[in-house]
Amino acid sequence: MAGGIPLSTSRRRLLAGESGWKGLVRNRRIFAIAIFASLGGLLYGYNQGVFSGVLGMNNFDTRMASVVNDPTKKGWFVSILELGAWFGVLITGYWADKLSRKYTIELAVVVFCIGVIVQTAAKGPQSIYGGRFVTGMGVGSLSMAVPLYNAELAPPEVRGSLVALQQLAITFGIMISFWIDYGTNFIGGSGSTQSEAAWRIPLALQLVPALILGAGILFMPFSPRWLINQGRDDEALAVLSKARGLPSDDELVQIEFLEIKAQFLFEKEISTVKFPDYQDGSFVSNVKLTFYSYLSLLTNPTLFRRILVGTLTMFFQQWTGVNAILYYAPSIFANLGLAGGNTTDLLATGVVGIAMFLATIPAVIYVDQVGRKPVLVSGAFLMGACHLIVAVLTGLYHDSWSSHVAAGWAACALVWVFAMAFGYSWGPCAWVIVAEIFPLSVRGKGLSIAASSNWMNNFIVGQVTPDMITHLVS
């Protein structure tokens, strides 16, 4: 021990080099793999953003009028995806441990594509409901499997940055979805002559990155931590060696391999002591071990505290209000008095996507240097200030925006500032925290429960926002 730190850990830190941008360049192979895997985040973000624009399109609203014109049904139209994602992420913990992180991503892509095809071919609301639920299952699974995969493949000095790539990919997906909606809104005209292609094309385009991810992930390496969990030590060492660009007998590779192996053996020994009757490898024993593994997250005080940290982090991430803005941005900007109709609202919504995407880039570069807590605290204060000022402006001018144009644009600008504050703080850092806090033996299960908190609260926000907007402006 050196100053309370194991010698292997301090030695690895010395050998590993710098974090931040220099660390990403040094680990460029891992960086490239993580960027590709984060296509799952792009799908998540695109799906979040695309439907807000589609909801405002004339042809879609006409075809789906029975739902769109009812605030409660409209809420279900949006939030049923989050309900599917909540279900999907809960079952992903088991499959991530059973099939591997890599094949779980593949399975999620297949489910996602089925849901997108159903939505794109929809003739009525029922198909949109069903398609969005199935798509949600895929998105939810990806939202948990991709950060887990990136975290387990990444060296410690850049782990935060690589997990933050998930949020950067999400914001990029949101940004391009907003602008694709803006462009396709003009197909056939933005009024009563609008073509069905205006909303079917944005929905169908989700298949492109999904198919690329589905094909490419087959050529990506397995998580070395998962391989060690399966007793495939030689493969795990080979993955670490290739990923770091160093020979397998290099000191840094050996230290990292032995740290993972030691953690696995320690947790296996604990499992053997606690559950000696369930170590025969049979199906029934594995089911019981899985059950007790989930149960330990609630009964073990240390693990339960981690569950609380993970679920509450995701709770507060969603109740910043970010998805109320992402799902209903055109309606929000219309209520802030923007003139010019749906086209202007979509344009202002597109700026939200750009602002959030650009603000996320510094988080990817500096999160490992600055730390998680300072970023979260500063982002929370900035978002809170934006909410407060917009609330005051709305209270003063909600019935006279036309004669207070500057106040309306100031409120819109603060929505953009809010998007930037979320983009650099609670967006990426929440996912970094939940990907790091659980031990290897329950990491998949713990992360699935934390991510399910994200989706359940996301569902509630999407469900209540239309009714809230209707009653606040009426």
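Glycine residues also receive a Cβ, built from the backbone N, Cα and C atoms like all the rest.
What TrEMBL records for 33-474 is domain 'Major facilitator superfamily (MFS) profile'.
What TrEMBL records for 30-55 (among others) is transmembrane segment.
If you look up TrEMBL, you'll see 75-96 (among others) marked as transmembrane segment.
Marked as transmembrane segment by TrEMBL: 103-122 (among others). Beyond its flanks by at least six residues, the transmembrane segment (103-122) meets 37, 40, 43, 84, 88, 92, 95-96, 128, 130-139, 141-142, 145-146, 149, 200, 203-204, 206-207, 210-211, 213-214, 217-218 of its own chain at Cβ-Cβ distances under 8 Å.
Residues or ranges marked as transmembrane segment in TrEMBL: 128-149 (among others). Within the same chain, residues 37-38, 40-41, 43-44, 47, 51, 64, 67, 76-77, 80-89, 91-93, 95-96, 101-102, 104-105, 107-120, 122, 163, 166, 206, 223, 431, 434-435, 443-444, 447-448, 451-452, 454-455 sit at least 6 positions outside the transmembrane segment (128-149) and bring their C-beta atoms closer than 8 Å to a C-beta of that stretch.
TrEMBL lists 161-180 (among others) with the feature transmembrane segment. Here the transmembrane segment (161-180) has Cβ contacts under 8 Å with residues 19-20, 23-24, 30-31, 34-35, 38-50, 52-53, 143, 146-147, 150-151, 153-154, 201-202, 205, 326, 329, 346, 349-350, 352-354, 356-357, 359-361, 363-365, 367-368, 423, 427-429, 431-432, 435-436 of the same chain, all six or more residues outside its ends.
Annotation comment: TrEMBL describes 200-222 (among others) as transmembrane segment.
Under the heading transmembrane segment, TrEMBL lists 346-367 (among others). Here the transmembrane segment (346-367) has Cβ contacts under 8 Å with residues 20-21, 24, 49, 52-53, 56, 160-161, 164-165, 167-168, 171-172, 174-179, 181-182, 185, 325-326, 329-330, 333, 338, 340, 375, 412, 415-417, 419-425, 427-429, 432 of the same chain, all six or more residues outside its ends.
What TrEMBL lists as transmembrane segment is 374-396 (among others).
Marked as transmembrane segment by TrEMBL: 408-435 (among others). Sequence-distant contacts of the transmembrane segment (408-435) (same chain, at least 6 residues past either end, Cβ-Cβ under 8 Å): 147-148, 150-151, 159-160, 163-164, 166-168, 170-171, 309-310, 313-314, 316-317, 320-322, 325, 329, 332-333, 336-338, 348, 351-353, 355-360, 362-364, 367, 372, 375-376, 378-380, 382-383, 386-387, 389-390, 393-394, 397, 401, 447, 450-451, 454.
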